[in-house]
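Single-structure report; data block below.
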Amino acid sequence: MSPTTLRIATRQSALALWQAEHVASLLRAAHPDLRVELVPMTTRGDEILDKPLAAIGGKGLFLKELEVAMLDGRADLAVHSLKDMPAELEAGFALPAILPRADPADAFVSNTSADLAALPQGARVGTSSLRRQAQLRAARPDLQLLDLRGNVGTRLAKLDNGDYDAIVLACAGLERLGLHQRIRSRLVAPAWLPAPGQAAIVVEARVQRAAVHERLAVLDDAETRLAVSAERAMNHALGGSCTVPVGAWCTVAEHGLHLRGMVGEAATGRLLLAEATGTHDQPEALGLQVAEMLFAQGARALLEG
Ligand SMILES: NCc1[nH]cc(CCC(=O)O)c1CC(=O)O
């Protein structure tokens, strides 16, 4: 029997709520008979704001409570930013819908400088992402890199407060929150790589709930699924977690896929880069191939810190 109500588990940050509401309205439009409700909740990851994510257990912290709600029957699905998902899904869960990707670029945000090159010598840049730190260090070894965690709004407030000369955020998140005007310049591939899965919103549900999957199928974007499958396969092969600086960017053309991958070292700004092309039917094989190329360049030493 097809469900008549779908309850969406979501975190309560402004970005998470926007994304859950976005999925809800797409579902209501696709299925006029369906009731769709949000079930907002707080996760461990939202509560611990004073420590780097890597030190407190990583990305799974933002998912656990939402997955428990699905297991308990308090929610039917959960909406996430794909880049916040661990490389490996929890057993019994699937991603029945991957939405069309937004702008995957990172954003340079500053009240004083127009872009990275314009920052004064020794300027203070805030980001807790090791991937962003490594690429900042590579481009501008002189910069002072400072930790910065919290929701998008919190990070912007700390910038405006004068704690930093610039910060780096995802363009997609700023656009969703109506903060497009905060983007001073875009940090774009191939010179700057986003996180695997950046700018893709995904819907998670229990594997066994086939009727829920049927309702969600209409939201799935085949091209985005191909691109992020390659990026996530690469990240997974590299042992990907948020404790390692990994960037990935896959483009999809009629004749095939093109994947670029990066493993970096935040402390030195050393970057290993690799790229390869593959076919539409084997995005994971392409991800593995680029991971192998990075290992051949010595990625293991960087990944093991
Ligand atoms: N780590 C938080 C997070 N998770 C997803 C996004 C942006 C939206 C997306 O990538 O879909 C952000 C904010 C940021 O990195 O600036």
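Glycine residues also receive a Cβ, built from the backbone N, Cα and C atoms like all the rest.
No curator has checked TrEMBL annotations; they are predicted automatically.
The model shown is predicted, which means the values in this text are computed figures rather than measured ones.
The predicted model assigns the domain 'Porphobilinogen deaminase N-terminal' (6-213) a mean pLDDT of 93. The domain 'Porphobilinogen deaminase N-terminal' feature in TrEMBL is assigned to 6-213.
Residues annotated as domain 'Porphobilinogen deaminase C-terminal' in TrEMBL: 226-295. Helix, strand and coil counts from DSSP across the domain 'Porphobilinogen deaminase C-terminal' (226-295) read 25 helix, 25 strand, 20 coil.
Marked as S-(dipyrrolylmethanemethyl)cysteine by TrEMBL: C242.
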